[in-house]
Amino acid sequence: MTLLWCVVSLYFYGILQSDASERCDDWGLDTMRQIQVFEDEPARIKCPLFEHFLKFNYSTAHSAGLTLIWYWTRQDRDLEEPINFRLPENRISKEKDVLWFRPTLLNDTGNYTCMLRNTTYCSKVAFPLEVVQKDSCFNSPMKLPVHKLYIEYGIQRITCPNVDGYFPSSVKPTITWYMGCYKIQNFNNVIPEGMNLSFLIALISNNGNYTCVVTYPENGRTFHLTRTLTVKVVGSPKNAVPPVIHSPNDHVVYEKEPGEELLIPCTVYFSFLMDSRNEVWWTIDGKKPDDITIDVTINESISHSRTEDETRTQILSIKKVTSEDLKRSYVCHARSAKGEVAKAAKVKQKVPAPRYTVELACGFGATVLLVVILIVVYHVYWLEMVLFYRAHFGTDETILDGKEYDIYVSYARNAEEEEFVLLTLRGVLENEFGYKLCIFDRDSLPGGIVTDETLSFIQKSRRLLVVLSPNYVLQGTQALLELKAGLENMASRGNINVILVQYKAVKETKVKELKRAKTVLTVIKWKGEKSKYPQGRFWKQLQVAMPVKKSPRRSSSDEQGLSYSSLKNV
């Protein structure tokens, strides 16, 4: 029987198609009316012809002898098929201009067509139906309607949508409300009231998806309708203000030189207003940018706050501004349902700063030259500068330090080194500079113990002056004893400094104390005839290493002449 019905339906459908295909008004596929329903739930779909395309209703069409025919195209197929209205329990049925599914299945997804026709008239339209699945939290790919509530505006309600016509008014359904996954029960400011959900005070925390599940009986069966909508809390009209222009303002002046790029932002704040059209635009000399000849580009960006307050920014750009452009009037305008405002930007031509190129170059060159001269002077005369400072501002190190000698001289005991020490060093340091030297062979008493007296002399001296020569590094000499004692005293107590004077070059030595001393201490080199003059670099280096002492130097020309002549004869 079912097979016979299918064959007959296809036969008559083919006849209808062939007769009416050439003269039927086909409105095509109305994608704007895509219908989405949940699987295993009932759905009722009205033919869109009577709602959007035709000027008469179904009753008028039926009275005029027109017949409404339904057929469909399965998903991913091209073949149009008649709808089977003989399924068990009348799962799919038609009632006047409504197509019923009790309930829908996933394979019901496709494009459905309703055709109104008779022998002289034909009109049809198709629309897509999508059956979707939902999870336990009512999540699905379905597009959700958005309902906006005013923040802190008093009691507001939302209503469970799209449930009219599914059951008669005599049936009392059961309605359960959810926020996300959670059943709404004992919420602070949200109260279910049947088909309505009341918000006592809408807050930002109330943003989210709300679902109503409507359960009703029909012919001994129980059906469920699931409807989800998104609640968005927006700014209250009580707090709405006219547009506020943040930029341009009186505090910012756009100064540009001809040829530079001119960028002027117009930033406007709009309070949220339901169905308000927010507009921002520029005028240049009272005209819109499109009505003038200059090359102007305007870029716009829009951002929203959590309560849907809007900030619009339009940036006016002129790539290469001219002197004439900098004299024009640039005004930003804004309009909303609350009013219209305008603000002019302050634009002017930048006055070029005077250029002191030559003066700056000369000043910079003079500064560099002065710095170079100072560096050279310091490098050449740093010894003189140190000695000058010590002579006038230095603190006398010899006061109350308990020392008897300024310098203990350590040297190799042979004729050449002794002559250098006794005549040259002693002559200048004692006679010219006024230092008190301790020379063991001169100042020690006969019969004493050499080791004890050596250590005693070193402890009584402020400096240990070591005269280095090849003979100095011979093992077992008194000179090495003096060196070791001085270095140990300097390292452990710090009350004596060691001065190294190289009288003659010393090759590699196995004396580790001397190796260590030459690594950490500066060596003052004696250069023979070049170093004999008391005002020469050798003696100045030696003076810097000596203790600061406020003792008058011998200044008579006779004594200086004698000393210098004696040095020349050494």
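For all residues, glycine too, the Cβ spot is worked out from N, Cα and C.
Here Swiss-Prot flags 21-128 as domain 'Ig-like C2-type 1'.
Annotated disulfide bond per Swiss-Prot: C24-C122 (among others), in sequence order, evidence recorded as experimental evidence. Within 10 Å of the Cβ of C122 (disulfide bond) there are 20 other Cβ atoms, across all protein chains.
Taken from Swiss-Prot, the feature disulfide bond applies to C47-C114 (among others), supported by experimental evidence. In three-state terms derived from DSSP, C114 (disulfide bond) belongs to an extended strand segment.
Annotation note: C181 (disulfide bond) sits in a coil segment as assigned by DSSP. Sequence-distant contacts of C181 (disulfide bond), defined by Cβ-Cβ distance under 8 angstroms and a gap of at least six in the same chain, are S136, C137, F138. The disulfide bond annotation in Swiss-Prot covers C137-C181 (among others), and the record cites experimental evidence as its basis.
If you look up Swiss-Prot, you'll see 141-230 marked as domain 'Ig-like C2-type 2'.
According to Swiss-Prot, the feature disulfide bond maps to C160-C212 (among others). Close to C160 (disulfide bond) in the fold, though at least 6 residues off in sequence, lie I175, M195, N196, L197, C212, V214, R227, each with a CB less than 8 Å from its CB.
Per Swiss-Prot, the feature domain 'Ig-like C2-type 3' maps to 242-348. Mean predicted confidence for the domain 'Ig-like C2-type 3' (242-348): the pLDDT average there is 95.
For C266-C332 (among others), the entry in Swiss-Prot reads disulfide bond. If you take the C-beta of C332 (disulfide bond) and look for same-chain residues 6 or more apart in sequence within under 8 angstroms, you find I245, S247, P248, I264, C266, V268, V280, W281, W282, Q314, A342, K343, A344, A345.
Sequence annotations record features per position, and here Swiss-Prot assigns topological domain 'Cytoplasmic' to 389-570.
As annotated by Swiss-Prot, domain 'TIR' applies to 403-546.
Taken from Swiss-Prot, the feature phosphoserine covers S557.
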- Query: Which listed range (21-128, 141-230, 403-546) shows the maximal number of Cβ pairs under 8 Å with respect to the domain 'Ig-like C2-type 3' (242-348)?
  - Reply: 141-230
- Task: Please list residues from the chain of C114 (disulfide bond) whose Cβ is under 8 angstroms from its Cβ, counting only those at least six apart in sequence.
- Result: C47, P48, L49, L68, I69, W70, D97, L99, K124, V125
- If you count other Cβ atoms within 10 Å of each one's Cβ, which of the disulfide-bonded residues C24, C266 has the most? C266
- Task: Taking the Cβ of C212 (disulfide bond) as the centre, count every other Cβ atom within 10 Å, in any protein chain shown.
- Result: 24
- Task: Taking the Cβ of C47 (disulfide bond) as the centre, count every other Cβ atom within 10 Å, in any protein chain shown.
- Result: 25
- Query: By DSSP, how many residues in the domain 'Ig-like C2-type 3' (242-348) are helix, how many strand, and how many coil?
  - Reply: 6 helix, 58 strand, 43 coil
